[in-house]
Amino acid sequence: MDYVTRGVCGQEGCRERRYYLDNGLWFCRRGHLQEGRQVEEDPDDFGTQGQRHRVRKEKEERSRRTYRGRQAATLFLQTHQLILWKQCYALVHDHGFPEQFEALVRDLWALRLQGFSLRINESAEDEDDESEREVFSSQAADTDDSDDLGFKVGQRYLQWPRLLDSVALCYLAALLMRLPVCVSDFYHLIIRQDIPYIRAVRSVPRDMRDKLPPEFIAILDIVHLPKPEQIHSGCLDLVMYYQRRFGIALPPLNSPLLLYRHIKRLAIPIDVYDTVKTLQKLVDFEFEYPSALESNRRRESLKLPEVRLVVLLVISTKLIFPFDDLNRYAVSYREPATQTMDWSKWAEGQKWFENLSLAQDHKLDKETLIQLNDHDVFQMDPDQLDQYMDWYESSWLDSYRGKNPVADLFSTSRPGPQTQPGGETADPSVALQRVLRSVMVALGPAPVNPSEDADHMRPGSWYRRYRWESQLPETARRFYEIAADLAAISLPTLVRAVSVTEWRISKWLEDQRREAYMEKWGVAEMDDDIGAEMDELDEEMYEMRVEEGL
């Protein structure tokens, strides 16, 4: 018998809710007649439409349930690992990194995961238990890092890996393999979107993304471009972590190849190569990251090996090819300063090289698009605006489409790929060769005078030292800007680092003169340890004066 569920019967205290139809009268399941409810039969059976049977839909399991506790932590690490793998895949298959690079990154990541095992085990499994949530969010980090082996950034410990750490991990693997890559390369890969970083959460499958809690989504959803100094700091923090936790000894930079790359990009003669090596021994610079015991020193920028390399390159260029027009006489033709550079030709070549980001068809590349601001929009033509909107849609809008067939009828993008056959896009390597040829052709001979005449200035004399950015002349400023981009630091930071290193060189010259004078008159020198401490104090005082603008 078929029953229909309705309200409570109520007769004689009956609480029955199920009813059946018998000869046009409704009865509850216990047999009480329901007054006022009758169904008359149609003798002609007119207008019958058949019975409707509604099938109840089974309740689907919530596939978008947000994880908490241990499940959320495990899923976040898996998501971070997926992004790291995509970065390695892009570096190996699109940018010429060796195949062993991916295996090395995997081993380094496996070591990093050891620091999260205790944290995951102490995380809460019950998402409704608030007390265990507190243990998951804060107390686990204190327990894990009490032995000073956690991942430390500044004076605090990070509980979970940042997206910046994945880029730093790739750089660390390249450093271990002695690849001629630098921090500025990874910075340009990020802003060109050649590796997942900006809105990297979009590269994560939707099923994984929906299960992550908001605090983990915020770690992966980066919407601002990182500063080059932030990448340097991330690499330095990761180096300190692996040295302190696992005792990994990192090799020095592949300085010969990196120095050759920088010389080629700056479009200067190769003569500065030997001068850089000589100055390296003079100021006792090592092109490697400091040990963990030296990580608390005050001079942050000069700790970085790439900054040291670029600083010595700038000083060597200023010694051999100064930016002024003074005549300096070399002693013989064997000296590297027997040539003079036409810095005006050099500036023209660099300006032409930098304008190659706009091709003849005015097509904008990703590096230009991501750095546009609201003021640049007023200078863009309609085609460039379309390019910007296409890039914005592909980079920032979510490609996930819900189950709404009507929404597909109203597309937000243009109907088809807009390919415009335009002019040729210049190859950067070929264009750089053209700049090099133009600069080398403009090289002129420097006067040579072997006589010891005091009136003739020698190479290196009247050396100009710029302590602040405002003191840079126009040509020197452009040279410093390109060098700062190669070192992945800001222009004021490079000017300050060069000034401090120049002070070291001048201090060394003073020490040499003093030693010669003391030796001539037979006066004993002070103890070496005391002298080193005094030099360290003098250098810190000089750097403080430079930073304060005194």
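Backbone N, Cα and C define each Cβ position, glycine as well.
What TrEMBL records for 123-132 is compositional bias 'Acidic residues'.
Per TrEMBL, the feature compositional bias 'Polar residues' maps to 410-422.
Summarising the annotation, TrEMBL assigns domain 'RRN7-type' to 5-36. With a cut-off of 8 Å between Cβ atoms, none of the residues of this chain six or more beyond the domain 'RRN7-type' (5-36) come close.
As annotated by TrEMBL, domain 'Rrn7/TAF1B N-terminal cyclin' applies to 81-205. The average pLDDT computed over the domain 'Rrn7/TAF1B N-terminal cyclin' (81-205) stands at 78.
The domain 'Rrn7/TAF1B C-terminal cyclin' annotation in TrEMBL covers 224-396.
According to TrEMBL, the feature region 'Disordered' maps to 38-64 (among others).
The region 'Disordered' annotation in TrEMBL covers 123-147 (among others).
Positions annotated as region 'Disordered' by TrEMBL: 408-427 (among others).
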Message = Summarise the domain 'RRN7-type' (5-36) as counts of helix, strand and coil residues per DSSP.
response = 3 helix, 14 strand, 15 coil
